[in-house]
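So that you can see what the record holds, here are the features copied from Swiss-Prot:
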| type | residues | note |
| --- | --- | --- |
| ACT_SITE | 91 | active site, acyl-thioester intermediate |
| ACT_SITE | 343 | active site, proton acceptor |
| ACT_SITE | 373 | active site, proton acceptor |
C-alpha cells in the first residue's frame with residue numbers, strides 16, 4: 001500500500017459565533033479561502049491534479065447544504081473536473097474526511113486529495129432542525145442526545161470534581177493565550193477577513209474566541225449549564241461556540257516526491273469505534289487504543305496528543321483511562337484546546353490534527369495522536385509520524 005503523507009495543514013482563525021468576526025462571512029467562503037490558500041502555498045501542484053476533495057460539515061443545510069464541499073471548490077475556482085464530497089460523522093467529520101482520503105490513496109485510487117471541514121455555528125446552530133426519532137428512546141436514553149448531560153454522566157462515573165474541571169478549562173485558555181503570544185499558531189492560521197465590533201472590515205490572524213482573563217476563580221462563579229441542581233458542567237468548562245474552517249493537503253509519498261514537495265508527516269494508523277451514547281465523550285479511549293494497536297505502538301510511544309476538548313468533564317476521564325494524568329502538561333493539548341478555541345463541529349478534526357503537526361515539528365518529536373469524541377457515541381483517532 002502507498003504511504004499517505006501530509007504536505008500542508010492550515011486553518012482560519014476561530015471566530016466567536018455570537019456576533020463574532022465572521023458574522024458576515026459565509027461557511028462556503030471560509031472553506032474556499034482555505035482551498036485557495038493551500039494551492040497558493042504549494043505552487044508546484046496543479047489544482048487539476050487533485051483527485052478528490054473531502055470536506056467535513058455537520059449541519060448540512062442553509063449555506064452549508066447541498067454539498068458545501070463542491071460549492072466551496074467552485075467558489076475557489078478549482079477546475080470543474082475535480083470532484084468534491086461533504087462528509088458527516090458529527091464532531092469527527094473532518095477527521096473522517098482525512099481517513100476517507102487516506103484510504104483512497106493507500107489503495108491507489110488517488111494520489112492527491114484536499115481535505116478539511118467547516119462549521120459556521122453562528123449562522124447554522126448545532127441543533128437547527130434536529131428531530132430525533134421517538135423510537136430511539138427504546139434503546140437509548142433521551143439524555144444521550146444532550147451532550148452536556150453525557151458529560152455530567154462521565155463526571156459522576158469517574159469522580160471528576162467541579163474544581164478539576166475548572167482547572168482544566170482555565171489551563172486551556174491560558175495555554176491558548178500563551179501560544180498566541182509566542183506565535184505558535186502563526187504557521188497554521190491563514191489570515192482571514194472579517195468584521196470587528198464596529199462592522200469595519202478587519203484582517204484576522206488570531207483566534208477571537210480565547211478569553212485570556214479566564215481563571216479558576218472566575219469559572220467557579222458560573223452556574224451549572226445542563227443540570228442546574230446537581231450538575232458540575234458549566235458553559236466555561238464546555239467547548240466554546242465558534243466559526244471556522246481547516247484544511248490539509250494529502251498525497252501519496254511518491255507523488256509528493258515527484259512534485260518536490262516536503263512531506264510533514266505520514267499517517268501511521270486510523271481508527272473509529274462506537275460506544276454507549278450516554279457516555280459519548282468516552283469514545284477517544286477505545287478509538288485511541290485501536291489506532292495504537294494498528295500502528296504497533298503503545299500510549300508511551302506517543303510524544304504528543306491532541307484531544308478535542310468537548311467538555312472538561314469528558315476530557316479528564318479519557319486522559320485518566322489512557323494513563324496520561326501525570327503527563328498532561330508535557331504531552332496533551334500544549335496550545336490549549338476547544339474549550340478556548342471552540343469546536344466548530346465539521347472543522348475540528350483537521351484543526352486538531354493541524355495543531356498537532358505544528359507542535360510535533362516545534363518540539364521535534366516523532367509520534368503524535370489526535371482523537372475526538374463524537375455525539376451519539378463514537379470515537380475517532382489518527383496516529384501521525386513525522387518524516
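Note that the numbers count up from 1, one per residue, in the order the chain is shown.
Yeah, the Cβs are placed from backbone N, Cα and C, and that goes for glycine too.
Worth saying up front: this structure is predicted, and the values here are computed from it rather than measured.
In the three-state DSSP reading, residue 373 (active site, proton acceptor) counts as strand. Ranking the active-site residues 343, 373 by how many Cβ atoms sit within 10 Å of each one's Cβ puts 373 at the top.
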